[in-house]
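Lifted from Swiss-Prot, the feature list:
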- 1-230: region '2-C-methyl-D-erythritol 4-phosphate cytidylyltransferase' (REGION)
- ARG16: site 'Transition state stabilizer' (SITE)
- LYS23: site 'Transition state stabilizer' (SITE)
- ARG155: site 'Positions MEP for the nucleophilic attack' (SITE)
- LYS211: site 'Positions MEP for the nucleophilic attack' (SITE)
- 231-394: region '2-C-methyl-D-erythritol 2,4-cyclodiphosphate synthase' (REGION)
- ASP237, HIS239, HIS271: divalent metal cation binding site (BINDING)
- 237-239, 263-264, 285-287, 290-294, 361-364, PHE368: 4-CDP-2-C-methyl-D-erythritol 2-phosphate binding site (BINDING)
- HIS263: site 'Transition state stabilizer' (SITE)
- THR362: site 'Transition state stabilizer' (SITE)
Amino acid sequence: MADTLAIVVAAGRSSRMGEGPKKQYRLLAGRPVLGRTLEVFEHAPAVDGVVLVVAPGEEDWCREEIVTRFGFTKVVAVVPGGEVRRDSVWAGLQALPPCALVLVHDGVRPFVTARQIAAVAEAARECGAATLAVPPKDTVKLGGPPGAPVSTLPRENLWLVQTPQAFRFDVLIKAHHLARERGLAATDDTSLAEAAGYDVRMVPGAYTNIKITTPEDLAFAEALLGGGPVLVGFGYDVHRLVDDRKLILGGVEVPHDRGLLGHSDADVLVHAVMDALLGAAGAGDIGRWFPDDDPTYRGISSMDLLVRVAAFLRERGLETSNLDAVVVAEAPRLSPFISRMRDNLASVLGVSPAAVNVKATTTEGLGFTGSGAGIAAYAVAALRRIVLPGDRVL
């Protein structure tokens, strides 16, 4: 039985966002908001799996364009939601495998951190129900229509509730059963737990854990992600063409009478890309990371090495903003394979293929590439720092 599973709810109609795509599918620094939210859960050690709840009819699109495209392996199911939030969470509960704890999270809160997820889960393990929350900074007044008398609420007793909210599985099931029997509606799941007689523990959240609901929220989120300079790196690599070797470029086996000589699979394109990424991060080069005299890397797929570089970038709070690469080869003709190379690179780096460009050219018979002695590759990578509130200062 899994220990902790999450229900990520993204079935809203997005009426307050205005015209255009729904809020969960709007691009935030080049990636869908929902994709950024799922990214946090994908790399949160406290979470074993995720059930994604979307609007009816959007399941296949989300599986293909978000879950599969960005490689979210923890998503165990994508299910249709209901008319109101309570029904959507209930749909997610029905799709959950057996587990001890359940987290419920808004799909449009991409700035929650792995540390906060772990804290709220541990609190629910101890007391049954917990939520992230922050005290209000502003004075809060209670009143009716404009012009009606108002009263000021004591701020020290108030909390602004966020997600994720965490529950022991039996607690959340009972709360939803009672809510359905009584016809209770609520804007969050802790309200249902309270109505069922359970106490809910407040766990300190962060003011940056915003729910993106309006265009103003989206602009604020862009500012959170976009702070700091763009980091640029350049990569170059070359390998000799020899007999009795496969030709691997961008993780694609390209039919040819010769292949590239190297300690690994000699994927010259991926090597140039890794050098560009490491250069942008100020982290040396592939010779330092993967020495050619280390037997560990003999014959290894360069795509596997790129996976390690991508993981390092995430640990450093960096993500790829844009990648442009060119392969220089007189032969073979590479255009039929370019799109697969691009998709392979984008998948490992966790970005949209639109952020990756791969092209091929020749040197018109000049030099070692023109004579067919070898193949070269150049790459330029741009990285951005991701702000991770509460986990680290970047």
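Using the three backbone atoms N, Cα and C, a Cβ is placed for every residue, glycine included.
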Return only the integer: C-alpha distance in Å from LYS23 (site 'Transition state stabilizer') to LYS211 (site 'Positions MEP for the nucleophilic attack'). 10
May I ask which residues of the same chain, at least 6 positions away in sequence, place their Cβ under 8 angstroms from the Cβ of ASP237 (divalent metal cation binding site)? VAL268, HIS271, ALA272, ASP275, ALA376, ALA377
Same chain, 6+ residues apart, C-beta under 8 Å of the C-beta of ARG155 (site 'Positions MEP for the nucleophilic attack'), given in sequence order: PRO135, PRO136, THR139, VAL140
Between PRO291 (4-CDP-2-C-methyl-D-erythritol 2-phosphate binding site) and HIS239 (divalent metal cation binding site), what C-alpha distance do you get in Å? 15
Indicate whether ASP237 (divalent metal cation binding site) is helix, strand or coil by DSSP. strand
Output, ordered by sequence, the same-chain residues six or more apart from THR362 (site 'Transition state stabilizer') with a CB under 8 Å from its CB, or 'none'. VAL328, ALA329, GLU330, THR369, GLY370
To the nearest Å, how far is the Cα of ILE286 (4-CDP-2-C-methyl-D-erythritol 2-phosphate binding site) from the Cα of HIS239 (divalent metal cation binding site)? 14
Expressed to the nearest Å, what is the distance separating HIS239 (divalent metal cation binding site) and HIS263 (4-CDP-2-C-methyl-D-erythritol 2-phosphate binding site) at their Cα atoms? 10
Per 10 Å Cβ neighbour count, which of the binding-site residues HIS263, ILE286, ASP294 ranks highest? ILE286
Tell me which residues of the chain lie with their Cβ under 8 angstroms from that of LYS211 (site 'Positions MEP for the nucleophilic attack'), as long as they are six or more apart in sequence? ASP106, VAL108, ARG109, GLN162, THR163, ASP217
